[in-house]
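The structure under discussion appears below in the form of C-alpha cells.
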C-alpha cells in the first residue's frame, strides 16, 4: 500500500503517509494514527 487508511498506525516523521486528506494524529507517547 502506498498510503495508510484511517485508524492505521503512522509516523509523522517517516514511512508512508495517510491516504487522501487524512493526517497523522499523535495524541501522546508516540502512538500516531491516521485521522480524517
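Positions of Cβ are set from backbone N, Cα and C atoms, glycine also.
Predicted, not measured: the structure shown is a model, and the values here were computed from it.
If you look up Swiss-Prot, you'll see 3-19 (among others) marked as disulfide bond, on the strength of similarity to another entry. In the three-state DSSP scheme, residue 19 (disulfide bond) falls into the coil class. Of all Cβ atoms in the shown protein chains, 15 besides its own fall within 10 Å of the Cβ of residue 19 (disulfide bond).
In the shown protein chains, 24 other C-beta atoms lie within 10 A of the C-beta of residue 10 (disulfide bond). In this structure, residue 10 (disulfide bond) is part of a beta strand by DSSP. The disulfide bond annotation in Swiss-Prot covers 10-24 (among others).
Counting only same-chain residues six or more apart in sequence, the Cβ atoms lying under 8 angstroms from the Cβ of residue 18 (disulfide bond) belong to 3, 4, 5, 6, 8, 10, 24, 34, 35. Taken from Swiss-Prot, the feature disulfide bond covers 18-34 (among others), and the record attributes it to similarity to another entry.
Among the features that Swiss-Prot reports, disulfide bond is placed at 26-32 (among others), with the record citing similarity to another entry. When secondary structure is read from DSSP and collapsed to three states, residue 26 (disulfide bond) falls in the coil class.
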Alpha-carbon spacing, residue 19 (disulfide bond) to residue 32 (disulfide bond), which is rounded to whole Å: 14
For the disulfide-bonded residues 3, 24, 26, the one whose C-beta sees the most other C-beta atoms within 10 angstroms: 24
